Amino acid sequence: MQRSDGLFSALADVSRRDFMKLCTALAATMGLSSKAGAEMTAALTAPARPPVVWIGAQECTGCTESLLRATHPTVENLVLDLISLEYHEVLSAAFGEQAEENKHNALHKYKGKYVLVVDGSIPVKDGGVYCMVAGKPIVEHIREAAKGAAAIIAIGSCAAWGGVPSSGGNPTGASSLTEVLPKGTPIINIPGCPPNPHNFLATVAYIITYKKLPAMDHLNRPLFAYDRLIHENCYRRPHFDAGRFAKEYGDYGHRHGWCLYHLGCKGPETYGNCSTLEFCDVGGNNWPVGIGHPCYGCNEKGIGFTKGIFQLASIENPTPRVEKPDVNNTEGQGATMTAIGLLGGAAAILAGVTVVTLRELSIQHKARAEAKAAEKEQHAGK
């Protein structure tokens, strides 16, 4: 196959056609049209590669490890051909003073043009002494880098809302990126522990292509990835609707794919595309719930690493859907008495299923109502 010069000949023998497929896949991740794939191809093959500065704070390197396992594009193609990675402590060949000098030079050379990526929570207690780099608190490094950034991305739950280091007593004052930067600073939050690498890659590709931030929710998360509850797109959802729940690991329901709600699944109150995008591009339901482990709500502040692992998720509307379309009906066909009778019978059956489900959930909702009432009384007393 004929190769073109420039980037495509350097992409490990990836053809232009395959590269366009890659860009189309990134566009599809964001729910964009096929035209967006061509636009991303043009932007990502432009001679000037966008500079990126990646700073890690209180983190486990999980976000980087997740990115290393991306396949479209692979991390080497991303780093060597699509962006100009000016600083990343984990991936850098340099270290010590040389690495810091590289970062310092990048911040000045590309001022107003670079993308700043931060992973890990930022400790602020006791002057930020719990995470020091090159003799000064990491919070100072981050604030310095944020001043000249064209776009800022908080990758992972730790940077997005505090994550694991902020749980419990939070002895280091671990904070999110939003909390340590001036109010109103535009930040894109990509939570997850770790987040799916393609949510990050698609966001970067969008910024490079359209020179603006993607549409975001009230928590500054890109809508293409965090606009729906995991519960709504979970393949175990029909079991929830039918009142079939696994009660313990290894029981009949757990082995046969029943709903994991009673094992502490936080999918009903967690937003994300985990169930549709999955992980590692290997298929086979390769995500926590898909392999039999409840979602623990890592995308959500106040849920992930905060709620007990077996604590039941809050569900605003526990009633299953009871209206199902007749697949044999054609548009405009009138309802017959037989159809009405069958519908009534089906409604009765589904009502029975609803009772089962509600019985399972009623205790929790009663407790929530009592807790809210007690909280109101406490505030009224003050």
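Cβ coordinates are placed from backbone N, Cα and C, and glycine is handled just like the others.
Where the annotation comes from TrEMBL, it is an automatic prediction and has not been curated.
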Matching residue for the [3Fe-4S] cluster site, where TrEMBL names C295, C298 - out of C274, C280: C274
Of C193, C259, residue recorded by TrEMBL at the [4Fe-4S] cluster 2 site of H231, C234, C265: C259
Site of maximum Cβ density within 10 Å, from binding-site residues C193, C274: C274
Inter-residue Cα distance where the pair is C259 ([4Fe-4S] cluster 2 binding site) and C158 ([4Fe-4S] cluster 1 binding site), in Å: 28
DSSP three-state assignment for C234 ([4Fe-4S] cluster 2 binding site): coil
Local confidence of the prediction over the domain 'NADH:ubiquinone oxidoreductase-like 20kDa subunit' (60-206), expressed as mean pLDDT: 91
Lowest local Cβ density among C60, C158, C259, C265, C298, which the record lists as binding-site residues, within 10 Å: C60
Cβ neighbour count (within 10 Å, all chains shown) around H231 ([4Fe-4S] cluster 2 binding site): 23
Close in space, distant in sequence - C234 ([4Fe-4S] cluster 2 binding site), Cβ under 8 Å, 6 or more apart: F240, G267, S275, V289
